[in-house]
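Just below is one structure, and these are the notes that go with it.
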Amino acid sequence: MGSQWGKDKAYLKAKQSGYRSRAAMKLKEIIQKNPVIRPDDNILDLGAAPGSWLQVLREMTNGVIVGVDLNPILPIEGVRTIIGDFSDPVVIAQIRELMPEVNGIVCDASPKLSGQRSFDQARAIELNEMALGVARQLLKQGGNMIMKSFQGEDFSWLYNRVKQEFYSVRTYKAHTTRKGSTEMYIIAKNFIGTHQGLEESVSDGSA
């Protein structure tokens, strides 16, 4: 672990709390500022490895929690995991078998970053569209979603896409986001629930 990690307060706090990555601190902050998960919600985590968000979700809800990732996830008590592409119809069928209903979806998935921002952002938007496709198939009407993306020329387009699917949409930049990062979270509440093929406020971390 490089020295920059040793100086990273979010990383140190996550490690001290037993979480698998600093991303756990982001989710805790996001939900504290945007309470979109209820105590009995069934939550689906897309792009869940290494599992830090699953750990946080397990603390927040007594509902069914399922994590999906291309990579294996070490076991977490009370959490089910699926190895596979979350847009794969076979994986969608597996999720349906494990979850009676999906009240919330979280997605912290990110492409492997090349360092070329426009290219990386375009690939992130593709992942966002895939996650929205899953929501349209599985998310219960009135459900909520938290999704990571990256600011860039296509971000407004994505934001408007999400607004077509949810009654309330806002953006949130976590305090624990690294300096210079274009990372931005979309907080979407009250899914309209069309369940068809894919198809207001804006704040920063001080909200």
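Yeah, the Cβs are placed from backbone N, Cα and C, and that goes for glycine too.
Taken from Swiss-Prot as is:
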- G51, W53, D69, D85, D108: S-adenosyl-L-methionine binding site (BINDING)
- K148: active site, proton acceptor (ACT_SITE)
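In the three-state DSSP scheme, W53 (S-adenosyl-L-methionine binding site) falls into the helix class. Look at the binding-site residues D69, D85, D108 and count other Cβ atoms within 10 Å of each Cβ; D85 has the fewest. In sequence order, A23, A24, L27, D45, G67, V106, D108 are the residues near W53 (S-adenosyl-L-methionine binding site), counting only same-chain partners six or more apart with C-beta under 8 A. Long-range neighbours of G51 (S-adenosyl-L-methionine binding site) (same chain, six or more residues apart, CB within less than 8 Å of its CB): R20, G67, I73, L74, I76, V79, T81. Separating the Cα atoms of D85 (S-adenosyl-L-methionine binding site) and K148 (active site, proton acceptor) is a whole-number distance of 17 Å. Rounded to a whole value, the Cα-Cα separation of D69 (S-adenosyl-L-methionine binding site) and the residue listed as 'active site, proton acceptor' is 15 Å. For the residue listed as 'active site, proton acceptor', the same-chain residues 6+ apart in sequence whose C-beta sits under 8 angstroms from its C-beta are C107, D108, A109, S110, A124, E183, M184, Y185, I186. Farthest C-alpha pair in the S-adenosyl-L-methionine-binding residues G51, W53, D69, D85, D108: 18 Å apart.
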